[in-house]
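Q: Supplied in structure tokens, the structure appears directly below.
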Amino acid sequence: MTVTGIIAEFNPFHYGHQYLLSQAKGLKIVAMSGNFVQRGEPALVDKWVRAQMALENGADLVVELPFLVSVQSADYFAQGAVDILMRLGIDTLAFGTEQLFDYQKLSRLYSEQAEHMTAYLATLPDHLSYPQKTQSMWEAFAGLSATGDRPNHLLALSYVKASAGKKLQLQPIKRLGAGFHSEAKDQCLSSATAIRKHIADRAFVEKSSPNAALILRAPQVTWEHYFPLLKYHILTAPDLTQFFQVNDELASRISAAIRSVATVDELVEAVATKHYTKARVRRVLTYILVKAVEAPLPEGIHVLGFSKKGQAHLKTIKASVPLISRIGAKPWDQLTQRADTVYQLGHMDMPEQTWGRVPIRPGAMN
């Protein structure tokens with residue numbers, strides 16, 4: 001039987017995600033971001049609610065990406081997620097993309113030319129951001145042309161690199177409906193960005209997600225719920241460079257801006273440059289928020305939920321893969337758990353995110 005892996009955030013789950021799951025083959029394993037997502041933001045609703053959404057729409061197993069995989073640049077995000085999915089026995093990786101290319105061919109190219117392609121990146125001028133350099137690399141070696149407003153395609157190219165040299169079939173699925181960043185309300189399939197933007201419009205959410213009731217019932221948070229705590233950490237930290245990926249220049253820019261801004265968006269605008277993208281700045285601010293430092297990734301894989309098929313699959317691999325189904329006195333990943341504690345502070349009704357939580361199953365949160 002085909003075992004398909006999907007890397008996702010489901011922030012929140014919408015009809016485009018439902019379509020992606022419907023097109024994936026065989027047993028479907030989702031490696032999902034936890035309570036903070038790749039572009040450096042708190043998830044709108046918590047990871048347990050999002051796992052429930054996935055399971056109710058065809059996923060068989062949902063596992064959590066550790067914090068230092070979830071909140072990373074595209075290449076590290078992709079590599080960490082693919083590594084986890086490979087340990088869970090996938091043979092296919094399905095992903096949505098704005099452009100359908102022969103990604104399998106691109107993966108073979110990268111496995112053969114990785115050294116030359118990496119060397120090419122080093123020759124590009126420093127004023128270019130890493131995403132811009134990556135686009136230039138693919139254009140030079142494969143004739144691809146993509147723009148920065150097609151993030152699913154750029155992530156797909158990171159999946160290509162992460163799967164190079166592995167026995168993994170790539171299944172690109174054409175993204176339908178609104179663009180990734182679209183805030184429009186008049187699209188047949190609205191984006192997660194639009195749902196987050198218009199979350200107060202109940203009718204819009206109900207027409208945009210098969211799990212609207214779950215989304216609307218759950219405590220919802222945004223970056224602004226955490227700005228006072230972030231500001232406190234910035235103002236009281238003896239040295240911001242102690243935190244993950246905060247260099248001297250970023251520390252200086254953040255410290256200089258923090259007293260004159262009133263929101264996270266204003267802080268991001270003040271700190272970002274052509275070299276430091278807004279997404280990178282948001283990730284750095286997330287690291288400061290949760291006091292993240294460089295640490296090894298956990299050996300165990302945290303299971304958020306499963307169907308009967310997913311449970312049967314877990315039984316076939318549990319002897320070779322350390323699976324974490326309940327976090328108690330012994331931590332799974334201290335940094336992820338600290339991030340969960342911070343996340344809980346964003347809403348007074350936010351349920352416990354770690355201690356005593358067990359994998360959910362379809363229908364368990366009705």
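Glycine residues also receive a Cβ, built from the backbone N, Cα and C atoms like all the rest.
Keep in mind the model is a prediction, meaning the values are calculated, not measured.
Pulled from Swiss-Prot, these are the listed features:
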BINDING   7-20, GLY96, ASN152, ARG175  ATP binding site
Q: Quick one: of PHE10, PHE13, TYR19, which of the binding-site residues has the smallest count of other CB atoms within 10 A?
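A: Ranked by other Cβ atoms within 10 Å, the binding-site residues PHE10, PHE13, TYR19 bottom out at TYR19.
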Q: Among all the protein chains here, how many other CB atoms are within 10 A of the CB of ILE7 (ATP binding site)?
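A: Here the count is 26.
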Q: At a 10 A cut-off on CB-CB distances, which of the binding-site residues GLY16, ASN152 has the highest count?
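A: Answer returned by the neighbour count: GLY16.
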